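Asker: Below is a structure I'd like to ask you about.
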Amino acid sequence: MRIPFSSKLLRSVLLIPLMAIWLMPVAEAAVSGLPNLAPLAKRLKPTVVNISTQQKNPEKKVMKRMPHGGFEGTPFEDLFKHFFDRMPDRGESFKSKSLGSGVIVDSSGYILTNHHVVEKATSIQVRLADETEYEAEVVGQDKKTDLALIRIKADQKLPVAKLGNSATAEVGSWVMAIGNPFGLEATVTAGIISAKGRVIGAGPYDDFIQTDAAINPGNSGGPLFNLDGEVIGINTAIFSRGGGSVGVGFAIPINLAKDVMAQLKQNGRVERGWLGVRIQSVTQELAEALGMNKRRGALVAEVVEKSPAEKADMRTGDVILTFDGEPVDKMNDLPALVARTAVGKKVPVVVLRQGKTKKLYVRIDKLVDRSETVVAHGKSDNKAESTDLIKEKLGMRVMTLTAENRARFKADEKQKGVVVTNLTRGSVALQAGIKRGDLITQFNRHQIAAADDLERALEKAGKGSMALVYLLRDGEPLFVPVRIGE
């Protein structure tokens, strides 16, 4: 017997309320699983402050006040320059304001914030949650980690935020940011930890916590809390084309901030350890060329002369696996480990050297700013000296480094090698990332002083094997893995 369509419809309609009743506990469970941040936000808001600064800008040229920044480089430049030059020169500087956030870390008035919030400030004003305002002074700041410690002289003891442990914070856990985005005070946003250990090119100690909690201009220097009400990060940066939040914000791990803050409070500056090496990441291709079963560690691209590393017999091509007992899983682990090591301390360093592990003992020195020597570029009309084998196996041409072209390739008087002068389209060398002007000094750990040396090293390398090329690019050392052509 066929059931009429109207009966089917009636039956479906009757089932909808029943399904809704059945799904209600599921929905309630989902809602109840979300954290209620209201009590936490109410308790933590008083520990967060608004920071505004004034900065005295140098005088700006009249041309810079022209529409769109002037007409430099256009046919209208002289015309407008003549017009604006006849205008009276104001000659005055003006003050600009910047806004940021901070977190109270000591009841006597110490506040942790970002270096870029208070950098070059002529005056700093701090407003508490109760709208009381104070003048603040800079205790110390550290540009490398973008952290600063300031202090106000309050009339009473201030509420203090508890500092947590960023190492135990897990990806996916809930976090809450409190700050002053766009000057809107005590704004609370929430999200999760999206990732840890992010490297965004901000500096040598990149190790950021990534979060999707809304972070906007003005949040800089404010705290990132966990659900226990502990600070696990200091908000510092966002990825955004328009300047607003797109769900990709970054915070400095509080464990790093605590180390920096302690030194700023005691000395007003940060003293770091120095090893004296240039390092690069171990890619999968480099790991294969180095005979490693997996990618890990930091590859030593250069050992600085008279450095602690050189004195400990560390060598170019070593892969640093552990430092003072701590594993170096990736390149960016090493700078932070070295930086926080006490000056004068002797630490064990395990390296991989030509397939074998070796333990070295390094006495860490003090990191100081070291200026680089800039060598002027010159021209050279030397002809390429590549052999057919080099062109066939690598797809490139080279010439021997000479006294005439040393300055051009930023090579010192003792440096030897061959310079890449041409690359064939689609060649293995080009695909590996080798560029014109690269100075090759080693090939599979064989020293290269001329094209003949490179040819002999190529003959020893097996077809299809991964070779390790050591070169200088604009004076900077670099290892490049190259798959030898058939």
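Keep in mind that glycine also has a Cβ here, set from the backbone N, Cα and C atoms.
According to TrEMBL:
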ACT_SITE  H116  active site, charge relay system
ACT_SITE  D146  active site, charge relay system
ACT_SITE  S220  active site, charge relay system
BINDING   H116, D146, G218, N219, S220  substrate binding site
DOMAIN    261-355  domain 'PDZ'
Asker: Could you give the number of helix, strand and coil residues in the domain 'PDZ' (261-355) as assigned by DSSP?
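Answerer: Across the domain 'PDZ' (261-355), the residues distribute as 24 helix, 28 strand, 43 coil.
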Asker: Among all chains shown, work out which of the recorded positions N219, S220 has the most CB atoms within 10 A of its CB.
Answerer: N219
Asker: I'd like to confirm something. Which of the recorded positions, G218, N219, S220, has a Cα closest to the Cα of D146 (active site, charge relay system)?
Answerer: S220
Asker: Tell me, which recorded positions from G218, N219, S220 are within 10 Å of H116 (active site, charge relay system) if we use the C-alpha atoms?
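Answerer: Near H116 (active site, charge relay system), where near means Cα within 10 Å, the recorded positions are S220.
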Asker: If the substrate binders are H116, D146, G218, N219, S220 per the record, what's the largest distance between their Cα atoms, in Å?
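Answerer: Largest pairwise Cα separation, rounded: 15 Å.
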Asker: Tell me, if you would, which residue among H116, D146, G218 (recorded positions) has the fewest other CB atoms within 10 Å in the structure shown?
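Answerer: Looking at the recorded positions H116, D146, G218, the Cβ with the fewest others within 10 Å is that of H116.
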